[in-house]
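Q: Questions regarding the structure given below will be posed in turn.
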Amino acid sequence: MKVGIVGSGMVGSATAYALALLGVAREVVLVDLDRKLAQAHAEDILHATPFAHPVWVRAGSYGDLEGARAVVLAAGVAQRPGETRLQLLDRNAQVFAQVVPRVLEAAPEAVLLVATNPVDVMTQVAYRLSGLPPGRVVGSGTILDTARFRALLAEYLRVAPQSVHAYVLGEHGDSEVLVWSSAQVGGVPLLEFAEARGRALSPEDRARIDEGVRRAAYRIIEGKGATYYGIGAGLARLVRAILTDEKGVYTVSAFTPEVEGVLEVSLSLPRILGAGGVEGTVYPSLSPEEREALRRSAEILKEAAFALGF
C-alpha cells in the first residue's frame, strides 16, 4: 500500500519517519518543491528501516502518487513564534490552490489527510478545492490536543493515558474546547475516579491542565521553532486507520453541515475513520458551557474560511 506526503518539511518528514517505524505502508513517497530536501529525508528515513519495518521510502513527483490510498498534505509555510494558526491563512491557502489539483490528478481515489495549519480552515479549503465528498478530506484537527489532554490527566491521576477517555473539540488552536463533563477513566466518570483515587481535581488543577493543553504548541515553538514529532506520530496513526479500515474514533477535522447552529464549517469532533475517510460522527454529551464554547469556536472558523471565500 502506498502513502504520499506532499511537503517534506518538519511535519512531513516526521510523518514519513513515524510511518516507517510503525510499518504502516509498504511505500512512502515524499513530494516537495525542494527535491533535494525530499531526497535527503527519504534516504535518511530509508536507512532506519532495517531497524524497523520493510518500508520503501523515496522522493518523487506528483505523478509518483498514482495509486496512493492516502496522501498527507503537509505543504505550506511554518508557523512563526507568537503567530496564531489563523494568521497563517492567506499564505497557506495559496499553496493549496496549487497542490490539491495536482494530487488528485495523480491519485483521484486517495483520502486527503490535511496537516497544514491552520488545519481546520485548511481542511475546508482542501474540501472546496477538491470537489470530493466531505469524508474524503480529513484534517488532523485536535488529535494532538486530545492526546495532550489525556496525557496530562493521566499524569495527574497516575494512570496510563490509554485508560483516559477525554476529547478536545472545535478548532485546533486558541478556541479549542476541552470536554471535562464527559471525560472518563476506565469507564468511570472523571471526577468520580479522581475522588476515589485521592486526587480530586480542584479548579486550580483544571486550570493548570487546560493551560498545559492549550499553550503547548506555543511553548514548543518558542523553544525550538516548530512542533513535529507529536503530530507526525498522530498522522501516522490516522493513516493506519485509513489503510486498515479500522473504524476507530478520532477527533479529526472534517466539513460539517451544522454544529451548534453554525452551518458548513470544518472543525474537530469525534469521527469514525476508515478506508473511505470519515464515515460518521459521534457527537459527545456536552455541558451548556461546553456547547456555547463549541459554538464560538465554530463561528471563529466559519468567519476565517468565509473571509477567504471558502
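Each Cβ is built from the backbone N, Cα and C atoms, and glycine gets one as well.
Okay, these came from Swiss-Prot:
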{"type": "ACT_SITE", "residues": "HIS172", "note": "active site, proton acceptor"}
{"type": "BINDING", "residues": "MET10, VAL11, ASP32, TYR62, GLY76, VAL77, ALA115, THR116, ASN117, SER140", "note": "NAD(+) binding site"}
{"type": "BINDING", "residues": "GLN79, ARG85, ASN117, PRO118, VAL119, ASP120, ASP145, THR146, ALA147, ARG148, THR227", "note": "substrate binding site"}
{"type": "BINDING", "residues": "ARG150, HIS165", "note": "beta-D-fructose 1,6-bisphosphate binding site"}
{"type": "MOD_RES", "residues": "TYR218", "note": "phosphotyrosine"}
Q: If you measure C-alpha to C-alpha, which of GLN79, ASP145, ALA147, HIS172, THR227 (recorded positions) come within 10 angstroms of MET10 (NAD(+) binding site)?
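A: Of everything listed, what lies within 10 Å of MET10 (NAD(+) binding site) (Cα to Cα) is THR227.
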Q: For ALA147 (substrate binding site), identify the closest of the recorded positions GLY76, ASN117, HIS165, HIS172, TYR218, judging by Cα separation.
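A: Checked the recorded positions GLY76, ASN117, HIS165, HIS172, TYR218; minimum Cα distance to ALA147 (substrate binding site) goes to HIS165.
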Q: Cα distance, ASP32 (NAD(+) binding site) to GLN79 (substrate binding site), nearest Å?
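A: Distance between the two Cα atoms comes out at 18 Å.
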Q: Which whole-number value in Å describes the distance between the Cα atoms of GLY76 (NAD(+) binding site) and TYR218 (phosphotyrosine)?
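A: A Cα-Cα distance of 18 Å.
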Q: So which of the binding-site residues is most packed in, judged by how many other Cβ atoms lie within 10 Å of its Cβ, out of ASN117, THR227?
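A: Answer by Cβ density within 10 Å: ASN117.
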Q: Taking the Cβ of VAL119 (substrate binding site) as the centre, count every other Cβ atom within 10 Å, in any protein chain shown.
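A: Within a 10 Å radius of the Cβ of VAL119 (substrate binding site) lie 30 other Cβ atoms.
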Q: For HIS165 (beta-D-fructose 1,6-bisphosphate binding site) and TYR218 (phosphotyrosine), determine the Cα separation and express it in whole Å.
A: 25
Q: Of the residues named as NAD(+) binders, MET10, VAL11, ASP32, TYR62, GLY76, VAL77, ALA115, THR116, ASN117, SER140, how far apart in Å are the Cα atoms of the most distant pair?
A: 22
Q: Which of the recorded positions listed here (ASP32, ARG150, TYR218) have a Cα atom within 10 Å of the Cα of VAL119 (substrate binding site)?
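A: Taking ASP32, ARG150, TYR218 one by one, none has a Cα falling within 10 Å of VAL119 (substrate binding site).
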Q: Which recorded positions from the set ALA115, ASP145, ARG150, HIS172, THR227 come within 10 angstroms of TYR218 (phosphotyrosine), judged by C-alpha positions?
A: THR227
